[in-house]
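A short worksheet on the structure shown next.
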Amino acid sequence: MVTLQLVGSLRKELADSLSTCRVLVVGAGGIGCELLKNVVLTGFKNIEVIDLDIIDVSNLNRQFLFQKKHVGKSKAQVAKETVLQFCPTANITAYHDSIMNPDYNVEFFRNFMLVMNALDNRVARNHVNRMCLAADIPLIESGTAGYLGQVTVIKKGLTECYECQPKPTQKTFPGCTIRNTPSEPIHCIVWAKYLFNQLFGEEDADQEVSPDTADPELSWNPADTEARATASDQDGDIKRVSTKDWARSTGYDPVKLFNKLFKDDIQYLLTMDKLWKKRKAPLPLDWLEHQKLSLILSGCVIACPQGVTGTGLKDQQVLGVAGYCQLFSRSVETLHFMLVDKGDGAEELIWMGNCDDPPAMDFVTAAANLRMYIFSMNMKSRFDIKSMAGNIIPAIATTNAVIAGLIVLEALKILSGDVKQCRTIFLNKQPNPRKKLLVPCALDPPSANCYVCASKPEVTVKLNVHKTLVLALQDKILKEKFGMVAPDVQIEDGKGTILISSEEGETEANNCKFLSDFAIRNGSRLQVDDFLQDYTLLVNVIHCENLEKDVEFEVVGDAPDKAPTRSQEEGKNVANGNKDSSEPSTSSEAPAEQNDILLVDSDEEAPSSSTMAVSMESGGHKRKLHDAETGEASAKRQHLSQPSADDDNDIIALD
């Protein structure tokens, strides 16, 4: 008779493994706080956690490792200190840094037995996915959107990677990022929509757009924080006034609004110096200074942010800073007139969700682009901004808690050596027809067409070589579309011509030149290397002069009609990353007999694409799950007996 030794609720062998293995937790926000608490209470002893963010007062309603006194401090460091109170013997290392910092290279990732993601944006997710593939380390990916959640396991050569299936436009982001540290255009667009509501629409305290200079919690000096927290408004010249009341007191003066939003508030953010130690600091704008600029600077395309870029219709052009200053002024005057014209008692305009209100759209376009410029982003056309608008819902603390628990359960399978027993697990908003909220699905094998984890990653890009700048190739195609961090590009022309170098200044002179200036034509091949990600991609160029309107480039075969099936060829070796440890795909159909402690009935299990969708909402209908606090919709293949339903409205989780 075999005696099973237990340590708590775990087998002794597994408990010993937990106490000795090193794990990396990426993110210490909504999911990350719950996850860190879970891992130490489960028995993990050697934990490293990394997060670039600082604690904002808006985090306190769901990130329970943080308290009011922690506002303004590093999330990773405070999370470490709080979790150590649960388990003082744990060895926890905290990094207040970006996971995309080159210091965290492949060798860094190889120090861990397991990586657990608790991220809130697709760019970082793509990066961690590639680093784990390169290091051949299992990755547990997760996310929540309102009441919906998901967890999946990514293992090199065994499962789909995070990028095996194309993702739709990201629609979720952290709420505090919108106000203080925007890093993507969508953050600025949502900020501009909030600003419209604060000035002309229905005010919402959760949609504040500027730093609250009267809030003592934003002080960086702990002593100052305590002093200001006990001070009354009468102790100084602090007076709390709503954005709309202040704007009304100025008569909606466009110049005063401009200087407050784009100069004074940005200068205040700059005083929060800890925010900018590892981020590029914003650049305040001054109204008078930018009135000296010509509205249109000729002879300068993408490389010069002041001039008009783009061709075609007015909506497809990027006006430049001076142009958006004028547009902001005109739209404020128009909206103020509309507000007054509604008569006494009418205090608000309504933002039309379909963006068909021209003055409102002009305002959002101008405000969003000015903020993009301040935070060193490429500005967008009115057409682009109009297409990126979405709806917003808050994050749910209990969803984060459930998902964090599921992450640990999948981690236990991996550390037990049962990777093949891992599942993608979906948390539904309502029970499915079998009265189950948690629905597990078998993991899919790698996609043979994936441009990240395929044996020889290769893509075909259709573009106009006479109109595409080298800078656009670097920023819009390689970095934005293909998620590279520091790409090096060599033309396969027999000479080894270097088109783009990651070394600063080495190829800057090429930025304003067109691809055709380097003899790139139909059929040219570009070898792209990102040494940080240990990632190589071959880009085939197809010259096309008849791209659809508003389309700068097109990735051929980028949007497959359906997910790959298990009948696809297996046994493909994975080339990127650690080539010596490449192994063929070994995934297979889910077994009929299950011992997964999370499993609902075994007939619930079905092959699942790791693009991840939630199973049933009700009545046998499927719904898309918006991915991992980024709103990335995804789709699980359906049971044959279940018809598909229309997608739900876009949702955004503010975490």
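Every residue gets a Cβ built from N, Cα and C, even glycine.
Listed in TrEMBL for this protein:
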- 560-572: compositional bias 'Basic and acidic residues' (COMPBIAS)
- 645-655: compositional bias 'Acidic residues' (COMPBIAS)
- Lys167: SUMO1 cross-link (CROSSLNK)
- Lys193: SUMO cross-link (CROSSLNK)
- Lys239: SUMO1 cross-link (CROSSLNK)
- Lys260: SUMO cross-link (CROSSLNK)
- Lys429: SUMO1 cross-link (CROSSLNK)
- Lys636: SUMO cross-link (CROSSLNK)
- 558-650: domain 'SUMO-activating enzyme subunit 2 C-terminal' (DOMAIN)
Nearest by CA distance to Lys167 (SUMO1 cross-link): which of the recorded sites is it, out of Lys193, Lys260, Lys429?
Lys429
Rounded to the nearest angstrom, how far is the Cα of Lys429 (SUMO1 cross-link) from the Cα of Lys193 (SUMO cross-link)?
28
Would you say which of the recorded sites Lys167, Lys193, Lys260 has the most Cβ atoms within 10 Å of its own Cβ?
Lys193
Report, in whole Å, the straight Cα-to-Cα distance of Lys429 (SUMO1 cross-link) from Lys260 (SUMO cross-link).
42
Rounded mean pLDDT for the residues that make up the domain 'SUMO-activating enzyme subunit 2 C-terminal' (558-650):
35
